[in-house]
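The structure appears right after this line, and notes come after that.
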Amino acid sequence: MECDKVGDLLLTSTYAIAFTGAGISTASGIPDFRGPNGLWKKYSPELATIEYFKKDPKGFWEFYRLRMRGLFTALPNRAHYALAELEKMGLIRAIITQNIDGLHQLAGSRNVIELHGNMRKCYCVNCLKTYDSDTVLDKIDKEGLPPKCECGGVIRPDVVLFGEPVYNISSALEIAREADLVLAIGSSLTVYPANMIPLTVKEMGGKLIILNAEETPLDNIADIVVRERVEEFLPCVVDYIKSQTLHRSS
């Protein structure tokens with residue numbers, strides 16, 4: 001079984017990391033971006049550009065507040081909890097994520113590097129005062145759109161919009177160069193520079209395991225490709241590792 005193979009690779013790895021995309025959160029009720037039912041099938045990606053935010057902050061927030069409310073009702077699924085458990089076991093050193101939903105942290109993962117920010121945080125573009133997103137949504141309900149800081153500046157979500165550089169890419173690539181195994185989970189692996197993370201691990205001689213519903217451009221260089229539902233597959237990996245650990249200690 002692929003589950004056993006992945007478990008064995010994790011057990012023999014000395015520095016394994018996870019790289020996650022929107023596909024890990026679909027079982028939590030959050031749509032991915034580019035899949036058959038993805039967000040960009042329903043909305044124009046232009047709504048998530050820095051140019052649109054600057055041109056029409058009110059229109060931008062009409063879209064983003066709906067997205068925020070959808071994210072805030074979501075809870076971690078079994079895949080998030082499985083990764084948190086693998087981290088507690090010492091088998092996953094870090095999670096590098098493209099996601100902005102904060103579900104890895106809610107599931108208990110501690111070393112999470114967010115490339116695209118976190119929708120649960122906001123800040124003023126003028127004075128840089130920070131806000132939690134619940135406060136901003138309350139402000140919208142009371143004062144209308146766009147939400148404004150006490151200084152008069154427009155508040156924006158602390159996420160990377162199209163047209164902006166990603167966060168933490170240098171530290172993420174540094175981790176990737178150290179890793180000897182990467183689990184690429186729920187990502188189309190088409191977005192640059194984030195897709196350099198799994199590619200870097202492979203180029204440095206590490207193993208690449210891809211868990212994704214759709215084909216990716218890196219499938220042909222992966223050591224293992226899994227098409228199963230990640231919220232079912234990852235708990236299976238955890239159970240296998242526990243059984244092996246129990247067997248070895250008895």
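Every residue gets a Cβ built from N, Cα and C, even glycine.
Features of the protein shown, as given by Swiss-Prot:
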type: ACT_SITE; residues: His116; note: active site, proton acceptor
type: BINDING; residues: Ala22, Thr26, Phe33, Arg34, Gln98, Ile100, Asp101, His116, Ser187, Ser188, Asn212, Val230; note: NAD(+) binding site
type: BINDING; residues: Phe33, Ile100, Asp101; note: nicotinamide binding site
type: BINDING; residues: Cys124, Cys127, Cys149, Cys151; note: Zn(2+) binding site
type: DOMAIN; residues: 1-244; note: domain 'Deacetylase sirtuin-type'
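Structure coloured by features recorded in Swiss-Prot.
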| residue | record | DSSP (3 states) |
| --- | --- | --- |
| Ala22 | NAD(+) binding site | helix |
| Gln98 | NAD(+) binding site | coil |
| His116 | active site, proton acceptor | coil |
| Cys124 | Zn(2+) binding site | strand |
| Cys149 | Zn(2+) binding site | coil |
| Ser187 | NAD(+) binding site | coil |
| Asn212 | NAD(+) binding site | coil |
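The 10 Å shell around the Cβ of Cys151 (Zn(2+) binding site) contains 10 further Cβ atoms across the protein chains shown. Looking only at the binding-site residues Gln98, Ser187, Asn212, the densest Cβ neighbourhood within 10 Å occurs at Ser187. Ranking the binding-site residues Ala22, Cys127, Cys149 by other CB atoms within 10 A of the CB puts Cys127 at the bottom. In sequence order, Val125, Asn126, Leu128, Lys129, Lys148, Glu150, Gly152, Gly153, Ile155 are the same-chain residues whose CB sits within 8 A of the CB centroid of Cys124, Cys127, Cys149, Cys151, the residues recorded for Zn(2+) being left out. If you check the binding-site residues Cys124, Cys127, Cys149, Cys151 against Gln98 (NAD(+) binding site), none has a Cα inside 10 Å of its Cα. Restricting the average to the domain 'Deacetylase sirtuin-type' (1-244) gives a pLDDT of 94. Looking only at the binding-site residues Ile100, Cys124, the densest Cβ neighbourhood within 10 Å occurs at Ile100. Cα-Cα distance from Cys149 (Zn(2+) binding site) to Ile100 (nicotinamide binding site): 22 Å (rounded to the nearest whole number). For Asn212 (NAD(+) binding site) paired with Ile100 (nicotinamide binding site), the C-alpha to C-alpha distance reads 18 Å.
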